[in-house]
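**Student:** So TrEMBL has the following annotated:
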type	residues	note
TRANSMEM	20-44	transmembrane segment
TRANSMEM	129-150	transmembrane segment
TRANSMEM	252-274	transmembrane segment
TRANSMEM	280-302	transmembrane segment
TRANSMEM	336-360	transmembrane segment
TRANSMEM	375-400	transmembrane segment
COMPBIAS	485-500	compositional bias 'Basic and acidic residues'
REGION	485-519	region 'Disordered'
Amino acid sequence: MAGEEATTSSGTTLERTPTWAVATVVFVLILISIFIEHMLHLLAKYFNKKRRKSLIQALDKIKSELMLLGFISLLLTVTEKQIANICIPKNVGESFLPCSDYSNDSEEEAKCEEQGKVSLLSRQGVRELQYLIFVLAFFHCLSSVLTFSLGMAKMRRWESWEAETRTLEYQFSNDPRRFQLIHQTSFARRHLRFWSEHRFLRWPACFLRQFYASVSKVDYFTLRHGFITAHFAEGSNFDFQKYIKRALEKDFGVVVGISLWIWIFSMFFIFFNAHGFHNYLWLPFIPLLMLLLVGTQLQGIITKMCLDSHEKSQVVRGTFLVRPSDHFFWFGWPKLLLHIMHFILFQNSFQLAFFTWTWYKFGFRSCFHRKTEDIVIRVAMGVLVQILCGYVTLPLYALVTQMGTSMKKAVFPETVVEGLNRWRANARKNVAVRNNTSPWPSLETSPSFGTSLSFSPDASYSVKYEQPISNSDQYLPVEIQEIQDEGKESISRETEEHQKGASFGGFDVRNVNNEKHDY
């Protein structure tokens, strides 16, 4: 009877399972995997057709994260016996338990039982941990997609605002030949209040402002005007809304990833789920408090830009002008806000995943969630952070973080980047061919010509004038002297054309940020 009970409890092995049953289950799993892979391939093909390179990179990052979590799950499966054979003292194994009433119903490894110890993590615990990894991967991807979908839906109205900037009415009201006092502008009336210059009053006002009209039309127009004035030629028809959309798609590729420091904080989250910490009273509120702090800071940046312009001039020419600068942001680092939002979204999705996992594996009223207020707080905070981040904070972040000192690489549309890359490759190829076939030094490699032309789509456009031609150069042979003169005239004409047209559609690409992505 004992042997029968052991066999029943352990389950039927593959030795006593029909081969058709094994083949059927494997075939269904393969079909599901092929279907998911095909859907991801179609999605990547659609993004490629729409020239959404940033979303393709984000999709690749999602695949890599899923592969990483799948490898962790596979590693747990392979090493579950070795992990269960790691023995620890009973008093250590019974500390920091998630439940107050400890009861061990699982079978301990014989090796640890003989030593009077318990397993570090039982085989059953390893299997349950695999479920948690799967649920976490699903919730992280779902949370990121939902957040950015809500943000994009909120920013859809910006398309009509951008179209309004091309109307005659807008151009007339913002005519640079018109002058007005700074307090007569709509932007100043919105931000220059009695509380603006007092820090302790400005923070509560900015905190409340993020909940209603977090991004108004006048804020969009003013920040757009300041951005274009700082980086582009005057009168440029640059599409600011599409630029924000491309920049946000690049940021999405950062948010869907999971970095090392994110994993470290997740381990702390698991640790503080032990009984006695009463984590449901404070842990679910951390993402919400951080999100409200970020929203308050973003609103405060707009107000501080208004105060900065007000201190420098009392008269406005055309429309209110704000001056983008990194010093408005925390530690002079605009990208810090992106990493904070990344942390907020992951921790919120982790808490929702943990709640779903415990509900599925241990029941709705398990020892993890015995109190009703525990369930209400966790679910309410998770949903609130998800909606608030996607519909309120994300659009505000997308607009304000463009007001740094430098532009992002997303200023170039994908078609322009591809064209520049092709032009650069062809130019290098032509130079290499000319160097191999021409008996004279080329313009790019000869140090005696005194000029060098360099361009990269990831860097600023520059024409560098090096050391002046020495007196000995005037005694060069006639053929080389003619090549030198033609090279000088050609570079001079190209430089003048780029300066007149401000290069590539009316904006000065010398201001393009040559930042290094640390994704």
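Even glycines carry a Cβ here, placed using N, Cα and C.
Where the annotation comes from TrEMBL, it is an automatic prediction and has not been curated.
Computed from a predicted structure; not experimentally measured.
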**Student:** Most CB pairs under 8 Å with the transmembrane segment (336-360): which of 20-44, 129-150, 252-274, 280-302, 375-400?
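**Tutor:** Checked against 20-44, 129-150, 252-274, 280-302, 375-400; highest Cβ contact count belongs to 129-150.
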**Student:** Between 20-44, 129-150, 280-302, 375-400, who has the most Cβ pairs under 8 Å to the transmembrane segment (252-274)?
**Tutor:** 129-150
**Student:** Residues of the same chain, at least six outside the transmembrane segment (280-302), with any C-beta under 8 angstroms of its C-beta?
**Tutor:** 191, 202-203, 206-207, 209-210, 214, 219, 223, 269, 272, 328-330, 337, 340-341, 343-344, 347-348, 351, 369, 371, 373-374, 377-378, 381-382, 384-385, 388-389, 392-393, 396-397, 400, 403
